[in-house]
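Participant: Below are the features listed in TrEMBL for this protein:
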- 20-38: transmembrane segment (TRANSMEM)
- 125-151: transmembrane segment (TRANSMEM)
- 163-183: transmembrane segment (TRANSMEM)
- 253-277: transmembrane segment (TRANSMEM)
- 323-342: transmembrane segment (TRANSMEM)
- 425-450: transmembrane segment (TRANSMEM)
- 471-494: transmembrane segment (TRANSMEM)
Amino acid sequence: MAKAMEPSSKSRKESILIKYAVVSRLLVLFLTILWRSFLQPYDTSAALNPPCLHHRDVPEDSPPLLVANPLSKTLENSVVWDSVYFLRITECGYEYEQTYAFLPLLPFFISLLSRTVFAPLVPLIGLRAVMVLSGYVVTNLAFVLAAIYLFRASVIILKDTEASFRASVIFCFNPATIFYSSIYSESLYALFSIGGVYHLLSGASNVAVLWFALSGCARSNGILNAGYICFQTMHRAYEALYLKRRVCLSVQVLVTGFIRCVCICLPFVAFQAYGYYNICHGHKLDELRPWCKAKVPLLYNFIQSHYWGVGFLRYFQVKQLPNFLLASPILSLAVCSIVSYMKTRSELFISLGFQATEKEKRSSARLYSLKDVLEPDVITSSNEGNRDIRQRKPSRKKDVTVINAAEKSISPETSGYFSADVFPFVVHLGIMAATAFFIMHVQVATRFLSASPPLYWFASHLIASPKHSKWGYLIWSYCAAYILLGSLLFSNFYPFT
């Protein structure tokens, strides 16, 4: 009876979560309109739209780019910060070297919607306003879907519907929420990154690879999602080689994992090749940009270093202390979540997950076990399976006893957030946090880490724990303060993360 009610409980929670996600977007929209009505934007140049660099002759009967009416003006004036770049790329393509820092997935979806679903609105408000509207629809819809996928993935990992629901609600009101309602790539990255995690945990590894590859088309850090495939491959290859003594299977696992990692990284590499072709190809040696002459000509790294001053410890300056303070809450939460996991599961952490219990390795999350890889073998070779059953039949009672003992030995400290399934996500968060602190503009950490599931799992754990009741108030206060501060500063073109 309880098992029959469980799916309906999850569906009910998911329906409520969708309402929370929609309400959070409406809240951000309300606050943005409120602050814009009280304050004059710091920079009003975003509404300027000079002709494309590669200007083409426009037919006389083509729809207007700009239409002078209050709605189109409001939409165009709402474009701030990096949104300017994304819309310019949508309209004109990649004109300048620095625009290649913005990956093409969001411009693609904006162009797709503005030329299909919202095309009838072009004569009324103009093409540019329609592109702005399309951008807002894409990012807000992607955010709602990302929240749903976070809940579904969390249920598999935490095996606790309530904890998963809390984590997903915190995500809906996360400190970087203003960026998920703006024309930024955070929403699409979160959707395809978290959605890829869900498909990986569900056993659909090839679908997960596709989603991870798309996350790499939204943001460059999407290629780090290949780490999940590497982790899974490492443990499956170990099981195949050392536990099952099947060399061919271990080679198959390694080759498959390698191909999947290549597929995840391929779109980002292809985009770098596209930039190299446009900027470097066909020019004389003395006309080439410095990065074109490098042994490994990485356009993205050059742009980040040359135009934005990104590099190891380059942001460690006294004048940047306010930005370090701005990023300190999210970095503190990340460090606490990592340290807490390391202290609780120190042996698991040191062993890279190989000290997980047998029950944890056979988890429904499919991160450690070869189960879904071996399922086709079980179906096709029934005789071999029958022999195995006959051989193992005498020890069945013993196996059941061992399993029951293992189940009893699982303590609360090794379940939920502290389960072995969370380990690869904690490592991923650690790499992201270290990158944000030591290499990037540190204030970007708030939105850079905002799509990391373990942050919300740990926050959910703290809120539910009687020992850490004060942390719940701090977490919600932090989220509320940054939602208010972000909607105030960001929407008026003032610096915020």
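One-based numbering along the chain as shown.
Note that Cβ sites are derived from N, Cα and C of the backbone, with glycine treated the same way.
In TrEMBL, annotation is done automatically, which means it is predicted and not curated.
Tell me about the setting of these features in this model.
Facilitator: Residues 78, 140, 143-144, 147-148, 168-169, 172-173, 177-178, 180-181, 483-484, 487-488, 491-492 of the same chain lie 6 or more positions beyond the ends of the transmembrane segment (20-38) yet place their CB under 8 Å from a CB of it.
Long-range neighbours of the transmembrane segment (125-151) within the same chain, counting only residues 6 or more positions beyond its ends whose Cβ lies under 8 Å from a Cβ of the stretch, are 13-14, 17-18, 20-22, 25, 49, 63-67, 69, 71-72, 75-76, 78-79, 83, 86-87, 90-91, 106, 109-111, 113-114, 117-119, 164-165, 167-168, 171-172, 180-184, 186-188, 190-191, 194-195, 197-198, 451, 453, 456.
Long-range contacts of the transmembrane segment (163-183) within its own chain (CB-CB distance under 8 A, at least 6 residues past either end) are made by residues 13, 16-17, 20-21, 23-25, 28-29, 32, 79-83, 86-87, 106, 110, 132, 135-136, 139-140, 143, 146-147, 150-151, 154-155, 190, 329-330, 416-417, 446-447, 450, 453, 456-457, 459-461, 463-464, 475-476, 478-480, 482-483, 486-487, 490-491, 496-497.
Listed by sequence, the residues of this chain that lie at least six past the ends of the transmembrane segment (253-277) yet keep a Cβ under 8 A from its Cβ atoms are 94, 100, 103-104, 205-206, 209-210, 212-214, 216-217, 220, 222-223, 225-226, 229-230, 232-233, 236-237, 240, 292, 297-300, 370, 373.
Outside the transmembrane segment (425-450) by six or more residues, the chain places 157, 174-176, 179-180, 184, 186, 190, 197, 221, 224-225, 227-228, 231, 308-313, 315, 320, 323-324, 326-327, 329-331, 334-335, 337-338, 341, 457, 482, 495-497 with a CB less than 8 A from a CB of the stretch.
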